[in-house]
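Down below is the structure, laid out as structure tokens.
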Amino acid sequence: MTNPLLTPFELPPFSKILPEHVVPAVTKALNDCRENVERVVAQGAPYTWENLCQPLAEVDDVLGRIFSPVSHLNSVKNSPELREAYEQTLPLLSEYSTWVGQHEGLYKAYRDLRDGDHYATLNTAQKKAVDNALRDFELSGIGLPKEKQQRYGEIATRLSELGNQYSNNVLDATMGWTKLVTDEAELAGMPESALAAAKAQAEAKELEGYLLTLDIPSYLPVMTYCDNQALREEMYRAYSTRASDQGPNAGKWDNSKVMEEILALRHELAQLLGFENYAFKSLATKMAENPQQVLDFLTDLAKRARPQGEKELAQLRAFAKAEFGVDELQPWDIAYYSEKQKQHLYSISDEQLRPYFPENKAVNGLFEVVKRIYGITAKERKDVDVWHPDVRFFELYDENNELRGSFYLDLYARENKRGGAWMDDCVGQMRKADGSLQKPVAYLTCNFNRPVNGKPALFTHDEVITLFHEFGHGLHHMLTRIETAGVSGISGVPWDAVELPSQFMENWCWEPEALAFISGHYETGEPLPKELLDKMLAAKNYQAALFILRQLEFGLFDFRLHAEFRPDQGAKILETLAEIKKLVAVVPSPSWGRFPHAFSHIFAGGYAAGYYSYLWADVLAADAFSRFEEEGIFNRETGQSFLDNILSRGGSEEPMDLFKRFRGREPQLDAMLEHYGIKG
């Protein structure tokens, strides 16, 4: 039986990959990697790019190309068999990574290269790749005594297992709660689109009625529109206690102990490497210089946003009392009455906009924006092997008709697919030893409603923004001009700069000039009418301060959790959250809420002591976009400058240098505050 993962491929043969292929393929790739490292080191000095970095990059690339589709399938097409195979590979990968990071001979080879004459002949990207490699050796404990190195390896392996366990618990808990509603009266107030989706969910399970789930496209409409307060409360409880010791499935997929162990091990790891705590370690590879700078940034932002947030909530309470006689707003009432107030103030609702954002309009509109700014054209290919019939595949070409990169687009929520939206790399750009250039490939994944009742998929404006956001990451990866592995595309980009291209792209979703072709009624093709557009723009900053305060709550919680960890006191997760809420939250939340238990970004993603990156990059993105506002949002020269200075440079230079080259100065906070309508 041939193993499709071990047969050379341009693009992953998704339909042929079975769980039993995973462990043998990864094991073989890891053995090849180890042999290669030993062979490269054994040849002795003088080490050059060609005899050291290039061969290692190529064999690493093979490993990445084998593991990337496996890891991706684990996220979008999870099954018990695949999950088990994936779990078996995690310790193998972690052990290999530690082995490389603590390989004395390899470390010495890199140091010889950096200290020798050859280093001066390398280009900027190659120098950066060598410098990063040396930094990563330090961060893998290369300088530690043997027993500490061994402990580092044990911690790293355990952390990768715990992150995976956390993620599985969240997925299982999300899928582990559903509610069948047979009486439509219980769903009064719900938009037709949500009812149709819930009905389709039930039919797929051969049930009569409406099936509600904790997936966002099912959960949000209930919280926002359903008149039935008891149902809102029931769903809110189920959602905000996922994977915890509370709620309807209390204790079943509980992440409490998992989080505590993760935080304790991260702290121990940081201290092994000589850092005071994990926040310091996290910043060793980021733009921000030290924890105090991050805390000052977040605290300053909170001071500016809080008074406005309090005002927004007071107005909502007054509105709910005056119009609906509600004396006390419960947490499950906030979204519901906010929507009512938004309609009252601006006579507009998300649902009114939905018919104007059918999938084909939104996707093609996105491509049109990219064409106007960067001269890049997207072309669909139908002959590519995908993991689900709904997945589409596109290639990007520039004005010289050169293929720059390609991507998979997987837009709809499904069972066994993890929630949220994300971009990931499938293949990175790299110049190979034989002179050929391997082009980048990306995965773009969202969780939107699928088409129902013969209508196309209709998106909310928020979903269109999400699509643009993820595509911004995609462009960063696919339009790279860097040909050095490790610093091309999104590789090697500091985490607090990685959200710049994505948040930057969101701006076009608010521009009348762009909305003229991003929108079009699914029946008539008519673009968003001016009257609706004006209302949408007027409502743009509705509750903007509350939104920022929520982001600050997440960012401060994450950062302080890591910066203030004390082994003798344990993690103090709920206590820390309560303290942060006192500082920044204005909306009350119940004591049984268990937000941290499903905060995958920091416990199972790359945002540990790094969630602040969203707000940090928001400052960069708003300021970068303000140049477009000055020079024209479809100004090709401005677009080219952003492409040349930021998007195409990958991780080859420091983000601040790249930003200054584009903007002509350091970033300023004003543009972001103005963007959210917050008085500085």
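Quick reminder: no glycine exception, Cβ is built from N, Cα and C everywhere.
What Swiss-Prot says about this protein:
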type: ACT_SITE; residues: GLU470; note: active site
type: BINDING; residues: HIS469, HIS473, HIS476; note: Zn(2+) binding site
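Using a 10 Å radius centred on the Cβ of HIS473 (Zn(2+) binding site) and all shown protein chains, the other Cβ atoms total 25. All protein chains considered, the CB of HIS476 (Zn(2+) binding site) has 29 other CB atoms within 10 Å.
Each residue in MET423, GLU470, PHE471, GLY472, GLY474, LEU475, HIS477, VAL498, GLU499, PRO501, SER502, MET505 lies on the same chain as HIS469, HIS473, HIS476 and has a C-beta within 8 Å of the C-beta centroid of that Zn(2+) site, without being one of the site residues.
Around the Cβ of the residue listed as 'active site', 23 further Cβ atoms fall within 10 Å across all displayed protein chains. Cα spacing between HIS476 (Zn(2+) binding site) and GLU470 (active site): 10 Å, rounded to the nearest whole number.
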